[in-house]
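Quick look at what TrEMBL annotates:
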DOMAIN    B:94-321  domain 'ABC transmembrane type-1'
TRANSMEM  B:7-30  transmembrane segment
TRANSMEM  B:100-122  transmembrane segment
TRANSMEM  B:134-156  transmembrane segment
TRANSMEM  B:199-219  transmembrane segment
TRANSMEM  B:261-283  transmembrane segment
TRANSMEM  B:303-329  transmembrane segment
Amino acid sequence: MILLDIKNLTLEIESNGVLVKALDKASLILEEGEIRALVGESGSGKSLIVKAISGALPPQWIVTADRMTWRGQNLLTMTRAERRKIMRRDIAVVFQDPVAALDPSATLQEQLTESIPEEFVAGTWFWQKRRSRLDIAHSLLHKVGIKDTEYCMAHYAHELPVDICQKFMIAMALVSQPTVLIADDPTRGMETNTKRQILSLFKNLNKTRDLSILFVSHDLVAISSMADTMTVLYCGQTVEDGPFQSVRKKPFHPYTKALMDSAPSFSPDLQPKSALIALGGTIPTLQHLPIGCRLGPRCPRAQKKCVETPVSRKINQHTYRCHFPMHLDDKGIL
Amino acid sequence: MLNTLVRYFNLIVITLFILLLISFSLAYFFPGDPYTNLTGKMLLADTDGPLAAAFREGNVLQQFWYYVQNLTMGNWGHSFSSALPLYDQIFQTLPATLELTFYASTLSLVIGIPCGMLAGFLHHKKTDYTFMSMSMVMVSFPVFWLALLLILIFSLQLNLLPMSGRLSLLYDIPETSGFVLIDIINSSHPDRDAALYDAIQHLILPTIAVSFITTAVFLRTTRRAIVDVMATEYIKTAQTRGLPFYVIFSRHVLRNAMLSILPLLAIQISTLVTNVMIVETVFSWPGVGHWLIQAIYERDYPAIRIGMLLVSSIVVFFAMSLECISRLIDPSRDNKKYA
Ligand SMILES: Nc1ncnc2c1ncn2[C@@H]1O[C@H](COP(=O)(O)OP(=O)(O)O)[C@@H](O)[C@H]1O
Ligand code: SF4
Ligand SMILES: [Mg+2]
């Protein structure tokens, strides 16, 4: 069953009086029970997709989409109350910057306990409920690997190290036992052991509780250990999408290829001392977007035709948007 | 916590000391004999007291020292014009000022903050624009002109409300606390209800005149704070957690907005006091402001000195205390820079 179905999501931001498309026809599907990786270099718009799904965008930004549904219900047209209900119980989000996402004037305990849905709280009297809430909170914090849970809950976000806040955000997302977890770079800056713990928690929840995960990250090693499917985003356009192994072994899009090659430990058949193959230049800013395929100026395979935006083509489960894909002959056959 | 308290305490003490210094030096700047300007009395050969002795010797440091000592003992000098002790005069007029300030600021808070919140939540909507243009007009009114306008319309044209004073002369209410409403309620005057009604009628116009601008300022401050807080990541995040609006509002928006409003309100205290003094003059409200302006007209130097010292000390004290409190209740104070 398809949980999240996003087709041609376009997000327009006003910048210096002109509308620019920060997201240009991005598409993404999240199936029940899968772990999908969303990758792309910094500034590709990954966080924007996360915010668009969770409804955390500033109201003046224009969101349009051919389809943006949760279990078939249109997220863009539903009432605020309906959307809030979905966000309360079904979709949980871990945002990129944990310290900014926490209220600076409330202790972490307040913020965690208020997120616990009433249904999970045992007891009839308020002190019983309070006790029950605290128990839930402590056990959750333990689960994400916070040792001194008392200390953590008694403090404010700015008083704690960033990695504790990161774990805390993950705990807060998991507290409602969601169907989908959207995690925007949840392991950024974590040390290896901590990271492994978080990743195995995710994998575990995915297996035992059937938690679907949209895992946004740069960390290809982490992704390769858990992702079933992968979506590659470049500059607001989804460039490639498909089962993880297939995308990794035979990327069609030059950008995906460069991305895979840029992670040396990850690249399967990297010769010793071969030069790192990466694209020259940097991701364009929103003010200077190229027309057509946005990779154009950096693409080694670019030709004249690339000033037209390529449409997305599909081979088996594998979608790409490129006029001159790799690993395919002229007729588009593998 | 203690650090903040000590810091603000020092700040208040230093500022008050500077104010004392200035008030003392005024005695030298005013024309005439400094001793007379300071105390309202002539310096005769047989005037006793350490201050007089210091003036005869000409030791300025000692003069200042005994001046401060006199102040702390309630020995504030005598008025030129009435020859009465200034201490008594001040404490006769101060309650009227405090009363007016209290009502006006309460009114401003009660109207300004909720309207500001409404405007903040309806950011870029019609309500917001209406409130914003209204408050823009309101802050542009000069106070004295507004006060005169109110008198012109409500007292002279419509004849609805009295144009000056605090209570009609018909009612002879004994002054105990100095706050007219409290005094009336506590008195056993036969026409108590009528007196109360009369006092409230006298209060309406000055209160409106003072709170007009303050309300507008509070409204704008609150709106800005709400808009800023609503745009933060953590409010967006709280919304994506699916928390109901009232939880987000009461647990997250309100507290953070208040934390940023409070220090701004502290700054407004001086404007408020200035406006109160102007309004007192226009409405002949028997408060410190009215009294001080009279003193200036009459070149009553001791009164000017003590009035200036008192008003500025009150402003400094309240503004800094409010700021200190807002610092103390702000949990993120540790990573903010101190003043
Ligand atoms: N609040 C904002 N205002 C204007 N532009 C923004 C804002 N947030 C993000 N952007 C722009 O959108 C693009 C994508 O940003 P983001 O989604 O944060 O990328 P990623 O998460 O993939 O690193 C960037 O070019 C960034 O400059
Ligand atoms: S469409 Fe052209 S520019 Fe874009 S990735 Fe393909 S070859 Fe490169
Ligand atoms: Mg990001």
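Any Cβ shown, glycine's included, is placed from N, Cα and C.
Only residues 6 or more beyond the boundaries of the transmembrane segment (B:134-156), in the same chain, are considered here, and those with a CB under 8 A from a CB of the stretch are 162-163, 205-206, 208-210, 212-213, 215-217, 219-220, 275, 278-279, 281-283. A Cβ distance under 8 Å defines the sequence-distant neighbours of the transmembrane segment (B:303-329), meaning residues of its chain 6+ beyond its ends; these are 1, 4-5, 8, 11-12, 15-16, 19-20, 23, 26-27, 30, 37-38, 76-77, 79-81, 86, 89-90, 94, 259, 262-263, 265-267, 269-270, 273, 277, 288-289, 291-292, 295-296, 338-339. Contact check: the transmembrane segment (B:261-283) against the transmembrane segment (B:7-30) gives fewer than three Cβ pairs closer than 8 Å, residues 6 or more apart, which falls short of the contact criterion.
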